[in-house]
Amino acid sequence: MDFTIQSGDLEKYHGDCIVVGVFESRKLTRAAKALDEMSKSYLTKVLDQGDMDGRANTTLLLHNVPVIGSKRVLLVGLGKEEEYAEKVFQEATRAVFKALHQTGVKDIGLCVADLIVKGRDAAWSVLQSTLLAEESVYRFDRLKSKREERQPSLQKIIFLIGDEVATAETEQASQQGAAIARGMNIAKDLGNLAPNICTPTYLAEQAGEMAKTYNLKLSVLEEKDMEALGMGALLAVARGSHQPAKLIVLEYCGQKNTEKPVVLVGKGVTFDTGGISLKPAADLDEMKYDMGGAASVFGILTAVAEMKLPINVTGIIPTTENMPGGNATKPGDVVTSLSGQTIEILNTDAEGRLILCDALAYAERYNPEVVIDIATLTGACVVALGHVVSGLMGTDEPLVQELLQAGEKVSDRAWQLPLGDEYQELLRSNFADMANIGGRWGGAITAACFLSRFTRKYRWAHLDIAGTAWKSGKEKGATGRPVPLLTQFLIDRAQQH
Ligand code: BES
Ligand code: MN
Ligand code: ZN
């Protein structure tokens, strides 16, 4: 989709459809008022007939509105003016695209200044609208033998910003939005792909394609390399699978070589059966999304490269299946990780932390400015936070705060959970330096505590995206989160330098 900014009067818009808001009940927004005046009170007449009263998420498409330049007008209900907020904006915008996709409209004019949410600016509206537009046309139909639905005809969005709003910021917001959306689509595609196709080998191939497209530096460690290095934890997870594990490193260099990179480590379990500690059958297919952290790293690097951000970013992706099998790791097995620390594997389903701990130790070699890992790590995080916010933990409080703020800014939120020595004790093992599980309670925290033991050499934070990386049920599908959060974090960092 194509996005442009147009300042000045609404009259200048001569496209397929102009979108304006109406509050409850029948209160025209400024843009709607302007159209109403131009069209000799046509909108007022329609509303007075009772066809629409401005309830949130309702829409009404008008054709041949007199005098105005646009072929159509789409009225969108914004609810009560005093209750108008972020969530209403998002739902209303979704309703707009849904209504438009029923029509043959190819381009629209969105009156941005009209839809500004309290505490947010026009740039926020533009960026969010861009993400919602791309979300509305996203389809994953490549595994269907024929495309079912009619494809949306919408191709171009013109943000009508009026005269008070600065073009430079909205222009930038629209470009950033487009890059983030591109990154989210990459992450969604990888997540949604069937796990017999999206294997560790496939991810390594995709990394190769990405490296070519964006001129990134790529290296892939094979199992024999991991053995030579001593990555006993990662290899322990891979043992039960016939698919070879990989450790993928992608380096984006937008700055001088001397500038330390932000290192992103993404959990890439392309299917998590639980291993010998086998998971129950219900919804097991969703464990194809257990590479959501890895997928987000691909997405973030795409967004960063699209924007040519002046910053160095390194993506590290440990990837494997977690399968049962004659050769699989057993509960009670003790392995030695790359860091030298030994681990008693009491539950083979706590595999994410095992592949991450070797990747985190490996990250030291890249001389990181900060390290952030992203993982669908624990069901406990979903119990704690649901599907709304991602779990955030870290040993570096300023870094955690920076991430929280970035999430707030793009409305891809995280919520901090504590880390502390009281929790560390739960990982005690009688037979090794630590166990890989910490018992029933506080599971998201003990998982992070486990990881923290491999991150002592640098500033570190951890995002548990188990509840936010995909949706279940009828709308099952990857969400593309937390690509917005982390891309925003990198945009802000690039700006500071
Ligand atoms: N990939 C899962 C976590 C998960 C479960 C994410 C459900 C989203 C939905 C992870 O590998 C796992 O199995 N974790 C275990 C840890 C436990 C054995 C300590 C869990 O959360 O049950
Ligand atoms: Mn597991
Ligand atoms: Zn897992």
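Just so it is clear, glycine is given a Cβ too, placed from its N, Cα and C backbone atoms.
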**OP:** According to TrEMBL, ASP349, GLU351 bind Mn(2+) 1; identify which of ASP272, ASP283, ASP421 is listed for that same site.
**Re:** ASP272
**OP:** Let me know which member of ASP225, ASP290, ASP373, ASP396 TrEMBL also records as binding Mn(2+) 2 at the site of LYS267, ASP272, GLU351.
**Re:** ASP290
Original post:
For the recorded positions ASP272, LYS279, ASP290, ARG353, which sit with their CB under 6 angstroms from an atom of ligand 3?
Top reply: ASP272, ASP290
Subject >> Cβ contacts under 8 Å made by the domain 'Cytosol aminopeptidase' (347-354) with residues that lie 6+ beyond its boundaries >> reply: 233-234, 236-237, 240, 267, 269, 272, 274-279, 290, 322, 328-331, 335, 337, 375-378, 436-437, 447, 450-451
Original post:
What three-state class does DSSP give ASP349 (Mn(2+) 1 binding site)?
Top reply: coil
Subject >> Among LYS267, LYS279, ARG353 [recorded positions], residue with fewest other Cβ within 10 Å >> reply: LYS279
Original post:
Which recorded positions, if any, among LYS267, LYS279, ASP290, GLU351, ARG353 have a Cβ under 6 Å from ligand 2, given in order along the chain?
Top reply: GLU351
